[in-house]
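Okay, so here's the structure we're looking at.
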Ligand code: HEM
Ligand SMILES: *[C@@H]1O[C@H](CO)[C@@H](O)[C@H](O)[C@H]1NC(C)=O
Ligand SMILES: *[C@@H]1O[C@H](CO)[C@@H](O)[C@H](O)[C@H]1NC(C)=O
Ligand SMILES: *[C@@H]1O[C@H](CO)[C@@H](O)[C@H](O)[C@H]1NC(C)=O
């Protein structure tokens, strides 16, 4: 408002107050942000994601997860892509786990070749996540774009802000609430685990001596528990299993049907249905999504658009990175 303080004439005041308020309104993301500056961006990203999925179908899951891990730390600003000593890649939820960075580099190169210095790495993650869902057989939506890239990585923010698979459901809900997402978003977005894989290190706590009981987690199907014990026993924690045993690479509601049958892989998955810490709301949503796949797909789209709107940098904040791994 400082720039307006010279105004003394009352008739000008109204007009200037309105325009000064306008300055303070946060710029919104839109679907047509690149309509003139980079009209081919969606085609170029789609082509690169297709290439990556033809090489390895799981890459769709890895790209979807990167968008999530980006948005929960300093907002959707491409911070997860930065290398360096404070890199979020070294935070516990990402170390030996987050993948797809080379694919993001390839997409960025292709986008730069089409329209140099125009499209942010944060937007590339949002578009690639959408394309990954669509190419895995999931719902389509129009991606809101216009994000700019952040100037810092936040390793401690990644450690504290991203949910851990061993977090109680109430802690997970609190971490979602902290970025403006609600309980419905927790359950619908957990449905992202309809594709992709998890390492033994992330669920081994459930297999051998759950909570000091000397046995597997009683909320894990016993056949599945013995299969996973065989997979994980004596290994280095890097062996992987599919997160959705019915349809590993297909984006559908089988993840929720699995939870009804105690076949969730992570404690944070099964807990949505089985934990007894007062999360009746998550249990009811799991039941709804397990019987109504369209409701899941519809809610997932609403929630991922919300997630993509977490504290974006717009206007002249941040920058358009030339290389997603380093600030300009
Ligand atoms: C609700 C809290 C969540 C927790 C505790 C959680 C935790 C995890 C863990 C531990 C893994 C396996 C990582 C590894 O083995 O290295 C994983 C994988 C994955 N997560 Fe989540 N996640 C959550 C929410 C989400 C959300 C919101 C999405 C996206 C909408 C998502 C998408 C994925 C995908 C697609 C994979 C598979 C990645 C791959 O195969 O490369 N997750 N998650
Ligand atoms: C890192 O994230 C934490 C938690 O959200 C936040 O309080 C802090 O300001 C962030 N630091 C930087 C440098 O962005
Ligand atoms: C299981 O954990 C408990 C508590 O940490 C421990 O006392 C017990 O020895 C463990 N049992 C086995 C079989 O490792
Ligand atoms: C898993 O794989 C990573 C990367 O290849 C390796 O550095 C690590 O030592 C392995 N073991 C564990 C327990 O993470």
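Cβ coordinates come from backbone N, Cα and C, glycine included.
TrEMBL labels come from automatic prediction, so no person has curated them.
The active site, proton acceptor annotation in TrEMBL covers 69. According to its DSSP assignment, residue 69 (active site, proton acceptor) is helical. Non-local contacts of residue 69 (active site, proton acceptor) by the CB criterion (under 8 A, 6+ apart in sequence, same chain) comprise 80, 88, 93, 94, 98, 158, 162.
A simple way to gauge crowding: the CB of residue 244 (Ca(2+) 2 binding site) has 27 other CB atoms within 10 angstroms, across all the protein chains here. For 194, 244, 252, the entry in TrEMBL reads Ca(2+) 2 binding site.
Sequence annotations record features per position, and here TrEMBL assigns disulfide bond to 38-115 (among others). If you draw a 10 Å sphere around the CB of residue 38 (disulfide bond), it holds 19 other CB atoms from the protein chains shown.
Around residue 76 (disulfide bond), the C-beta neighbours below 8 angstroms that are at least 6 residues distant in the chain are 67, 70, 122, 125, 126, 147, 307, 308, 309, 310, 311, 312. Annotation note: residue 76 (disulfide bond) sits in a coil segment as assigned by DSSP. Annotation comment: TrEMBL describes 71-76 (among others) as disulfide bond.
Summarising the annotation, TrEMBL assigns disulfide bond to 121-324 (among others). In the three-state DSSP reading, residue 324 (disulfide bond) counts as coil. Its own atom aside, the Cβ of residue 324 (disulfide bond) has 22 Cβ atoms within 10 angstroms in the protein chains shown.
DSSP assigns residue 232 (disulfide bond) to a helix. Residues or ranges marked as disulfide bond in TrEMBL: 200-232 (among others).
The annotation site 'Transition state stabilizer' is assigned in TrEMBL to 65. Sequence-distant neighbours of residue 65 (site 'Transition state stabilizer') (same chain, 6+ apart, CB under 8 A from its CB) are 98, 100, 192, 196.
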Query raised in the report: ligand 1 is in the model; which of the recorded positions 65, 194, 200, 252 have a C-beta less than 6 angstroms from one of its atoms?
Result: 65
**Report entry** Cβ-Cβ distance under 8 Å to residue 232 (disulfide bond), same chain, at least six residues away
**Finding:** 200, 203, 204, 207, 239
Query raised in the report: Cα of residue 71 (disulfide bond) to Cα of residue 115 (disulfide bond): how many Å, rounded?
Result: 24
Query raised in the report: Just counting, how many other CB atoms are there within 10 A of the CB of residue 115 (disulfide bond)?
Result: 15
Query - Cβ-centroid neighbourhood (8 Å) of the Ca(2+) 2 site, 194, 244, 252 excluded - result: 191, 193, 195, 246, 247, 248, 250, 251, 253, 254, 255
